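Have a look at the structure below before the remarks.
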Amino acid sequence: MTMAANDFPFQCQEKKSYSQPSLVYCNGNIAETYLEEKVLTAPLDYLRALPSKDIRSGLTDAINEFLRVPEEKVLVIKRIIDLLHNASLLIDDIQDSSKLRRGVPVAHHIFGIAQTINSANLAYFIAQRELEKLTNPRAFAIYNEELINLHRGQGMELHWRESLHCPTEDEYLRMIQKKTGGLFRLAIRLLQGESASDDDYVSLIDTLGTLFQIRDDYQNLQSDIYSKNKGYCEDLTEGKFSYPVIHSIRSRPGDVRLINILKQRSEDVMVKQYAVQHIESTGSFAFCQNKIQSLVEQAREQLAALENSSSCGGPVRDILDKLAIKPRANIEVE
């Protein structure tokens, strides 16, 4: 979804001067000048201007086929999620020492680390202020719960990387539920809070969040498009314990080659190609594809149970069709 710049109003429209003539106040806050606003939001605006899959916005619209929330409330929720998603990407790129995002230099390589962190933090609070436009009295509590979940998940992923600890599959799936699932869940919980429907779509959204992350892990190591947008096998350079990497390492407990490649944080293409071949040899890409297909089928079953006799599930099914990857036959491993 493309949003206009004024969808994120940082300047105040109604201004009241107090005793200090050089300052302008609005709702207890000192209002920014236009120049100040552009400086503060520059890293965020830079990222938001780049092409994006915008799957969270599309999924919000798809679920709203069931919930029938008024469009003005849907736009508020989309605005909140867009701000949080892009702010989290700014921070992720710093924490992961990334070089590319969506095919261009990461924001902190343009604006610096300090200014990028400040812009991301500001976005969290601008998003929080948008909650005032919703009617659900629990909106603020839901917002806090899911942002705490997101940071807990991110913290565990950082811990595994920095301590070179390979998590179990179950540990990784729990982390996904918190980190990746957080914004998916926040959007739908806020949407449900504005709806007259009593149906609960959180379980379906949890499945979709897990599906999205595992598919992203797979594509990072297998997709030419991902290589162009983020760099070749960037997850290996970051030292990330992604889903196929975890399966590969744990399928051969005595083989330390892959975990040592992660330790090096190598940018050498040949080293990363060797790692990809190793992951392939353990059947981990096939395992990942089969997991993706299993999650797609699980989501379709959950959708059918929610749909009953209505035909509201078409947009969600379209999203699932796009996320599906044809399973591979089991290959012979070394």
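In case you wondered, yes, glycine gets a Cβ from its N, Cα and C as well.
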Check: ARG68, ARG102: which one does Swiss-Prot list with LYS53, ARG56, HIS85 for the isopentenyl diphosphate site?
Finding: ARG102
Note to self: ARG101, LYS179, THR180, GLN213, ASN220, LYS240 show up in Swiss-Prot as binding dimethylallyl diphosphate; which entry in LYS228, LYS230 does that record put in the same site?
What the structure shows: LYS230
Notebook entry, point to check: Among the recorded positions listed here (HIS85, ASP92, ASP96, ARG102, TYR124), which has the Cα closest to the Cα of THR180 (dimethylallyl diphosphate binding site)?
Noted result: HIS85
Next item on the list: Determine the C-alpha span of the isopentenyl diphosphate site listed in the record, that is the greatest distance between any two of LYS53, ARG56, HIS85, ARG102, in Å to the nearest whole number.
Entry: 16
Note to self: Using CB atoms and a 10 A radius, I'd like the single residue among the binding-site residues ARG56, HIS85, LYS240 with the highest neighbour count.
What the structure shows: ARG56
Checklist line | Around the Cβ of ARG102 (isopentenyl diphosphate binding site), the count of other Cβ atoms that are within 10 Å | finding: 15
Check: How far is it from ARG101 (dimethylallyl diphosphate binding site) to HIS85 (isopentenyl diphosphate binding site), counting Cα to Cα, in Å?
Finding: 13
